[in-house]
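Visitor: According to TrEMBL:
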- 20-45: transmembrane segment (TRANSMEM)
- 65-86: transmembrane segment (TRANSMEM)
- 92-122: transmembrane segment (TRANSMEM)
- 110-177: domain 'Mechanosensitive ion channel MscS' (DOMAIN)
- 299-339: region 'Disordered' (REGION)
- 312-332: compositional bias 'Basic and acidic residues' (COMPBIAS)
Amino acid sequence: MLEDLLEGTRSPVEVLQDNVPFGVSEVIVAVVVLVIGWYLSNVVVRLTGRTVARRIERPSVTRTVLRGVRISVLVVAFAVAAGVLGVGDTEILLSVTVISAVIAVVLAPLVSSFVTGIFVLADRPYEIGDMIEIIDEGHTGFVEDITIRYTKIFTLENTFIVIPNSEIYNRDVINYSAEDERTRISVEFEVTYESDLEAARRHAERAARSVDMVIGGGPDIRIGSARYAAAPVCTIDSYADNGVVLTLAFWVQHPYKQRIARSEVQSAVRSRFADLDIEFAYPHRHHVFDNTTGVARVTVGDGDDGDSPAPGHEHRNAHDADREGEAIRADSDVESGDS
């Protein structure tokens, strides 16, 4: 075998066929062809990757095109390997027909995801690297990959979620990175009617500006045809039963910091109000007992009375009142027994 190769009179395939039992040589050659095809697919993807990425300028579509190039090279290698094994064009066509029928009947959901994936790539509701939120599921994270079949999301909880395109295409998706990553957050709180509203609004805005993650000012932020002030703004929302509802709106630079920014702003507002003559409104409950009957009457205040108990006092007062009522009823029972 080595001598025939050195003489150069016969090809490696012919020498292999003469020295290896029938059937085994064809399998070996077919495997070699598939290995070479796999290697060539990687080389072709590596050579064309930059050109395709520069022309398309969309990571999701670029990855899909390169996957198609890889699959095309592998299909050609598979066809050559099938020819080496003696599989003719008729057999290949018949195999493709049977496989297509199986896919149409058994793999219908996969085909649906495939078709929907094309729509996702064409409509561009989100792109790789965008931060999105799936409203009905409550998942928020960054798009890691978009394929023909599924979308992979890297959540803020450091987990991966793989959602078929046929499902995510029919859901409500918020894209925080579509145009501008700056995100507006609104926080509501109530102050008592006795509080100075202008001072409450002014100090709430200052409290928000004191948080590092909050945009403190600058040019107006434009969303469509509307313009919003970049600095925090506190407005009167409504007049409730227990107090005045104020809404504090502010902007953060990065959408993934919404939870932290909301918590920091609310803490800053509470700390600032604690040093001022501004009180948060909350429901008040008063227990009033009739000493002659021992029956309690419960009234709920609106929080406007300056003598109303602080939070937590209502529980102590209610407990003391219950004990007083029991004592009154016990005295009444004793008097009834004596009589």
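Each residue, glycine too, has its Cβ placed from N, Cα and C.
Since this is a predicted model, take the numbers as computed values, not measurements.
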Visitor: List, by number or range, the same-chain residues at least 6 past the transmembrane segment (20-45) whose CB is under 8 A from its CB atoms?
Guide: 13, 66, 69-70, 73-74, 76-78, 80-82, 84-86
Visitor: Counting by DSSP secondary structure, give me helix, strand and coil numbers for the domain 'Mechanosensitive ion channel MscS' (110-177).
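Guide: Going through the domain 'Mechanosensitive ion channel MscS' (110-177) residue by residue, I get 18 helix, 26 strand, 24 coil.
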Visitor: Restricting to the domain 'Mechanosensitive ion channel MscS' (110-177), what is the model's mean pLDDT?
Guide: 82
